[in-house]
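Chemist: I'd like to ask some things about the structure below.
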Amino acid sequence: MERPTGSRRRRGYGGIDAPSNVSTSARSSDSEDLPTEHSQRAGATIIPPSPWNLHNYAIVTVMTIIAFGLRFYKLNHPDQVAFDEVHFGKFASYYITGEYYFDVHPPFAKLLLGLAGWFVGYDGSFEFETIGDSYTAAHVPYVGLRALPAFLGSLTVPLVYMIMLESGYPTLVAAFSTVLILLGELDNGHIGQTRLILLDAQLIFFVTLSLYTYVKFRKVRYLEFTPVWWGWLCATGVALACSLGCKMVGLFTFFTIGTAVLVDLWEVLDVRKEGHTMDYFYKHFIARTVGLIILPAIVYLSFFWVHFALLPKSGTGDAFMSPAFQETLRNNELLMNSQEIRYYDTITIKHKETKVFLHSHPEQYPLRYDDGRVSSQGQQVTGYNHDDVNNHWIVVPTKALPETGRGRIVRHEDIIQLTHVATDTKLLTHDVASPLMPTNTEFTTVSHDEARGERYNDTLFQVQIDDADPGQAWKSKSGHFKLIHMPTRVALWTHPKPLPEWAFKQQEINGNKKVHEKSNIWYVNEVVAVEGGGEDVRNRTGQVATKEPSKMNFFKKFAELQFLMLQHNAGLTAHHPYASSPLNWPFLLSGISFWTDNEKEEQVYLIGNIVGWWTCVMALSIYTGVIAADLLARRRGTYPIPYTVRNRLWNNAGFFFIAWAFHYFPFYLMNRQLFLHHYLPAHVASALAAGAVYDFIFSELNNFPISYPGPKTRARRPTRSDIFKVPAAITLTILTVLMFAMFLFIAPLTYGTPTLTGEAVNRRRLLSSWTLHFAAKKTTMD
Amino acid sequence: MPSNPGEVALEIDSPTESPRASSEFEEVSYPTWSQPRAEEELPLHYMGEDKARRRVKGAQAAPESTVMFDADSPTEYDQGDDGGKDVYAKLRQHQTPVSRMRRTSAPPTSVSEFIQQNLEHLPPAIYTLLSCWTRFHDIGKSPYVVWDEAHFGKFGSHYLKREFYFDVHPPLGKMLVGLAGLLSGYNGNYEFKSGEQYPDDVPFVAMRVMLATFGVAMVPLGWYTAVELGMSRRACHLVALMVLCDVAWLAISRFILLDSMLLFFTFLTVYCLTKFNNQQHEPFSFDWWTWLSFTGLSIGMVCSVKWIGLFVTALVGVYTIEDLWEKFGDLKMPVRTYIRHWVARAGCLIGLPIIVYLISFKLHFLILNHSGPGDAQMSSLFQAHLVGNDFSRSPLEAAYGSRVTLKNMGWGGGLLHSHVQTYPVGSSQQQVTCYHYKDENNDWVFLPRWEEPEYNPNGELQFVKHGDVLRLSHFSTGRNMHSHAIPAPVTKTAYEVSGYGNQTIGDSHDYWMVEVVDDIRRGHRNNFETIHTLTTRLRFKHWKLGCYLRAANAVLPQWGFKQIEVSCEKEDNPRDEHTYWNIESHINDRLPPAEITHIRSPFFRDFWHLNVAMMTSNNALIPDPDKEDILASKPFDWPWLHLGLRMCGWGDNQTKYYLLGTPVIWWSGTASLGISLVVFVVYLLRMQRKYVDFAPGEWDHFLYVGKIALFGWCFHYLPFLIMGRVTYVHHYLPALYFSVLMVAHLIDHFFLSARSLSERTKWAVFAFCVISIVGTFWWFRGVAFGIDGPINDHKGLGWRKSWNIYSL
C-alpha cells in the first residue's frame, strides 16, 4: 500500500514545505534530459556521440562470428528427430503439403520453418513420428531446417550487444552481457535450444528485437512525430507482433513494453512538465495505440491469414475444429460425407468426446445395485465403441409428415423418438437414478405399446443442434447436437467410467441435468439406411458427389482457432518426466533430455552454462538489494546514489528487470506443464540486467546524454563512463574464461557428441538433480 | 452506480490556459506561499457531514487548494517529490483526533441527560434489537439436523463426552459449540446424523440461539466500524442495514455452524483495526494500547475458529507495514520511538494471536482426555495418555511373529497400511499407504527371511534387534511389503512400495533391515538390545535397494482414497523424521502385557503434530473429478451470486433453507469494487493534471477507507482462485463484508457527503438505497427463515436461471 505519488506530489507542490534541502542531485524526476522551453541554447545542443566506433564494430563482428560458429558446428548431428522436432518439424512439413494441422502456438515461427524447408527443397513427406527417427535414411534436408533457428539464434547475440550499447553502456558492459548470452546462450541452454527445429530461437530473437527497437524509440523521444520516431515506434510494434506470432509468451513482451509506455505516457500527462495540453497528450496516446496495438494486431492477424491460405486441405487438425470450419477444408470427411437426415432413416449416433456409439442390447439392468439402490430393470442402454447392429436407431417423427420432399428432413429443435432397430424398442429416460450416478437419470427402452401409451411422454426427445439457426437441417457428421429429454430437460450424456460386468464394461449412458456442458454433444456418425432401404443415401438430395469447400469469414476462423489454442494450451497438464517448476529455472536445477542414442551412448541434454546463469541470478539479487536500499535510504532523507546513475539504474536497468520479471513470474500462475526452455527469454533479459548491474558496480559515471536532442532540449554537460578500469576488465576476463571452460566441459551434452564414458557423464552431473543418461552405475549396496 | 457528473466526470483537460474563475468544486489560484492557517487543519474525521469531505470552497482555501502549473518557477518540480522530506509530520496534522478526546463530560444527573449523552448509540441499539429478531425469529422451525450441523454439532458433542476427535478446523469455534451445548444442558450423546430429526433431549434451539448471538453482534459491529471509518451518519445506516438484511449472513448464523463465529471475529478484527487507526495520533496512550492488543486478540480468535482468519490477518499485516513505512519516513521521530512501534506491533499483532491460538489448543487437549475417533492422527505417546487407551497393556518387546501397527513419527504421520486395491500406475501391485484411522488393515507381522527357517509359533521366542533383516507381512492380505526400482506414484524421485507375493511367494525385494535410531526412554541405541513398543524409534531400510521407508504427507489421488503415499527414499537422510517409525499397538499372545506408564509427549509437539495433520487433511479436500458435488461452487460463481446452495432436503413437507445472498447487496458490492478502481484511476489522472478535488487529508482518508475495503476483499477472495481445495458459497461471506463497506464508502463519497448535492437529493438517494435493501430482504426472507410447503408455490424467487431454488 505505497502511498500513491499523486497525493504526495500535490502536497509537496502546494508549497506547504519549502524545498530547501533537496539538492539537484537528488531530483527524482525520471527524465534524464529535462527539456525546458526556457533554454537559451536550444538548437545549439550537443549531439550525443554515436556509441559506435571501430572497436565496437570489431567486437560485435567477432562475437557474431563465434555465435555462428558455435551454433552451426555439427549442426547435422544428431541426424535424428530430437525432442519437440517431432511436432514442429511435422508442422513445417504441413505448410509444404498444405494439410491443415492444429497447434497451441501461433503460426509465425512455424511459417518461417516452413519457408526454410521450402527454400531448401524439402517436399514435406517426412512424418517426424518419434524421437530418434533417422533423417538421413529419409533424405530430409534437415540441416536446412535447423539452419533457420541457428541463424536467428546467432543473430540474437549481436542484438544483445547493440541493446547494451544503445542503452548508453560502455563497450565493456555490452561485452559483459553479450558474453553471458554468447557463452550463456551460446552456452548450452541457448545453443541447445537454437540448434534444433524448434520455435524458441525465433521467439527469443524477436523478443530481443522488441527490446532493441523500443530502446531505440526511447532514444529519439525528443524528436517526436518525426519519421525516425515513427519508424522505431512501428518497428517495435512489428517486432512485438512477431514475438507473439511465435508463441503466446510474446504476450509478456507486450506487457513489458506496455509498462514502459504507460510510465512514458504518465510523464507526458504531467502538467508540471512544459504544461503540455491535452491535445498533445492525445496525440501521443493515439500514436502509441496505433504503433503498439493496432499495427501489431494487423501483423498478427496476417500471420493467421497466411496460415489459413497455406493450409487449404484436410489434415490432422480437422478434428479440433468446428464442423463449419471443417467444411472449408478440401477433401474433409465432413464435407464429403455429411448428409441431411430424414425421418425414418436408420442412423448411428456417436458421442463427440469419448467416441462411443449409443448402444442397446436385450440384457436388463440388475434390480439392485451394490450400493442398495434399485433400478427400473429396463433394457440396458450403454455406450459401446465398436460398430455393431445394436448401434442402429431409427428416427421417428412426432408430427405429421408430407409424403415426400424436404418436409421429411429432421430440423433443429424437432421433437423425435428413437427406435432401437435390433430389439424394436423405443429409447426413453425417466426419473430413476442411473447405475453409477445417483444424480443423473437412467436411460432404457420400452416396447412400442408402452411407448404409445403411458410412457409416451418419456420417449420424447428434442434435437438441439449446436450453434444452429432455427429450422436448420440435421446433418450427419457435421450436425453436432444435444438430445434433450422433453419432460425432465436432461441431456443424453456419457462418461468414460465403465459399468460393471453385467453391462460388459460398456460405458454408462445417463441423463445429465447440467444441460449446458460441452460433453453433452453427440453427432450422427452415419446414415446406415434410408426409409425402405431403396435409394442411395448419397444421391438422395440430388447433389453432386464432389463438393467444393464452403467459405468462412476469416475473422470467425481466426477467433475459433485462437480460442482453441488458448484452451488446449491450458489443458497441457499431463505429467512429463522433464517438466520442471519455474523455481528450478534460474538456478538450473534441472534440464531436459532432448535426444539419446542408446547404441553410441550419446545424448543431447538441454542445460545452461551454470556460471553464466548463476551470475545472472546474482546480478538480479544485487539489483533488488540496491533498489531496496535506495528506497529505504531516501525514506530516511539520504540520497546515496548520484542522480544520473540512479536514473539509469531505475529506468534502464529497471526496464530490463521488468522484462525479466514479466517473462518469468507469470509462469508461476500457469497450471500447464513447464520446461526449462520457457525461461530462455527471461534469461536474455536477466543477462541485460546483469550488464547494468556490472556497470553500476564498477562505474561512477554514465555515458550521458544518449538520447537524441529535440528542438526544446536543454543542453547539459555530457559525461563519459569511467568503467575502463582494471578490476572491471579482470572481472570480465575471469567470467569469460570460466564460462568458456564450463562451456567446453558441458559441450558434449549440447552437441550430442563425442560419446562420454559413464564416469565422464557422472562428472558432468554438476548438480545432483540433473538426470543424465548413461551414467556409470554406482557399485551396488551390500 | 449513478454518479454526479460534476464531480467525477473525467475532465482531463489542459488547465494551462488560465486559472479557472469559479468552478463549483475547484478554485484555483496562484500560490501565496502563506502557511496554512489553523482552521484549515481541523480534524476531518468524525465531523458532521456538513464539514467533513467538503470540497474546498472559496478563496481562503487557496494555499491548500494549490497552484496551477507555473512556468516561471521551475524549482517547483522538486516539490512534487517529497521523498526525503518529513511526510509524516504533514500527515499527522491531518490525522487529528478522530474519535474525539476521551469524553470528559460530567456524569448524567437525570435520565434525559443520560439519553442526550448517549443519543449516538440509539440507532445501533435499535439495529441490534432488529438483528435479534431476524436472527432468532422462528429459529427452531426445522427440528432436523440442517447441513453442516451434522459435523459441528457432533464435534461439540465430543467436547461434552471429552473424546478425542480430529477435524481440519482449529478448535475454538467447536469448543464454543460445545460450551453452548453445555449451557443448554445437552448431554453430548446425540449423533447428529445429517437430515435426522432432533430427539427431545437435544436442546438444539438453545444451542442455535447461543450461536446466533454471534450473528446478532455483527450488526452493531458493522455500525461502529462505519462510524470509526469516518462515514457520514447515513452511510453508517447503510452499512448496518446491509449487514442486517443480507439473507446469506442471516441464514448461516441461524444454525449450529462455525460461520457465525468466523464472521463475528472477522468483523471484530476490522472494528478493532479501525478503532486503533483512530488512536494513531496519540501513540502509546492507554487507548492506543487497548485497541492494538484487542486487534491482536481478535486476530487470535478468528484464526482459532477457521484458518480463513489468516486473510483478515493479512489485511491487518498490510495496514501495519504501510503504517510502519510511513513512520520510517518520519525523520523527526526518534529511532527509539520507532523501534518501540515495531516492538509494540510485533508483540500485540504476532505474539498475542499466537498465544490465543496456543491456548485454544491447550484447552482442546485438556478437555479431550478420552480416547475417541481421532486418536490415530496423533503420535503414539499422545494416545497412550488418553483415558480408555490400552497401549500400555500391549507387550513391551517386539519379537518375530508379533502383530504390530507401525506409526510414522513425522509431523502428521499415520499408520502403515495396505489394502487389496492395487496401484493403477507403476507396478500395479497392492497399495501400501499411510492411514489415519484404526483398522485391521494396519496390522503387520514380523517374519524371518525366506532363506531362514519359517517362523514357528511354538519355537523359541526370538526378539527383533537392531540390524535384523526381516519381512513385513500384511496381516489381513498376507502380502509382503515390497519395493522395487519403479518410481512412486506421487514422489517420482523415490521408489514405489507395494504389497507383493504371499506366505510362500516372494523374493529378496521383500527384505527390510531394521535400524534403531534411539529410544525415547532409554536413550542411545547402544544402551539396549530389544525394541520397545511406542518408545523405540526405528527406520526400515530396503535391503536390496538401500532406500528408506518414508511417508511424508504426500496425498494419493482418489484411487488411493486420499491416503498418504508411502515410498522408499533413495537418499539416506538420518535426521528425516518422516522415515522414523514406532510400534504403536502390539499383539503377541506369547508375551505378557507390560503395565507401564509412558512419558507424556510435550504440548508443543502435540500442537505442531495436530496442525500438520490438519494441513494435510485440508490439502486432501480437493474436488474429486469423478464425483459430482452439486453443493460445491467455483469462486467465480460468487461475486455475481451465480449459485445458491440447498442447505437441506427439498421435499414438499420439509422446511427448506437456501443459502443465497440478498441480490442487491451482493451485486452492488461487486460493482462497487470495480467502480472503486475506476474512480481511483480517474482521480489519479486528474491529480496528474493538477486538478484539486480534495481538501487536505481528504484524499488520504478516502484512500484509507477504500484500501481497507478493497484489500480486505481481495485477501478474502483471490486466494480461493488458486486454492486447490473444494469451495462453497459460504466461503465468500467474509469477503462480502468488505464489498459492503465499499458500497457504503462510494455512496457516501458521491452522494451522502457530496458538497454539491442538496439535502433533498441526499435523502432521496438514501431512501432509495434503504428501500431497495429492505425490500429485497423482505422478498427473500423465506430462504433464511425457512420455506414450508412445495417450493414451486413460492413464486418470484428465481431471479437467476442458475439458482436451483425450484425443483424441476
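Note: Cβ is positioned from N, Cα and C throughout, glycine not excepted.
Found this in TrEMBL, in case it helps:
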- B:395-449: domain 'MIR' (DOMAIN)
- B:461-517: domain 'MIR' (DOMAIN)
- B:528-586: domain 'MIR' (DOMAIN)
- B:1-42: region 'Disordered' (REGION)
- B:205-226: transmembrane segment (TRANSMEM)
- B:238-268: transmembrane segment (TRANSMEM)
- B:288-321: transmembrane segment (TRANSMEM)
- B:342-361: transmembrane segment (TRANSMEM)
- B:664-685: transmembrane segment (TRANSMEM)
- B:705-726: transmembrane segment (TRANSMEM)
- B:732-751: transmembrane segment (TRANSMEM)
- B:763-780: transmembrane segment (TRANSMEM)
Chemist: Hey, which bits of the same chain come close to the transmembrane segment (B:664-685), Cβ under 8 Å, at least six residues off its ends?
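Modeler: For the transmembrane segment (B:664-685), the nonlocal Cβ contacts are 1, 8, 10, 12, 242, 245-246, 248, 639-641, 693, 699, 703, 706, 709-710, 713, 736, 739-740, 742-743, 745-746, 772-773, 776.
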Chemist: Please work out which recorded stretch in B:288-321, B:732-751, B:763-780 has the most C-beta pairs separated by under 8 angstroms from the transmembrane segment (B:238-268)?
Modeler: B:732-751
Chemist: Could you pull out which residues elsewhere in the chain have a CB under 8 Å from any CB of the transmembrane segment (B:763-780), counting only those six or more residues past its ends?
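Modeler: Here the qualifying positions are 234, 237-238, 241-242, 244-247, 660, 662-665, 747, 751-752, 757, 796-797.
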Chemist: For the transmembrane segment (B:732-751), what are the same-chain contacts with Cβ under 8 Å, counting residues 6+ beyond its ends?
Modeler: 1, 3-4, 7-8, 53, 222, 225-226, 229, 231-232, 234-236, 238-239, 242-243, 246, 248-249, 252, 259, 262-263, 266-267, 270, 308, 311-312, 635, 638-639, 661, 665-666, 668-670, 672-673, 675-676, 679, 702, 705-706, 708-710, 712-713, 716-717, 757, 761-762, 765-766, 769
Chemist: DSSP on the domain 'MIR' (B:528-586): how many residues come out helix, how many strand, how many coil?
Modeler: 6 helix, 24 strand, 29 coil
Chemist: Kindly state the mean pLDDT of the domain 'MIR' (B:395-449) in the predicted structure.
Modeler: 88
Chemist: Tally of helix, strand and coil residues over the domain 'MIR' (B:461-517) according to DSSP?
Modeler: 3 helix, 29 strand, 25 coil
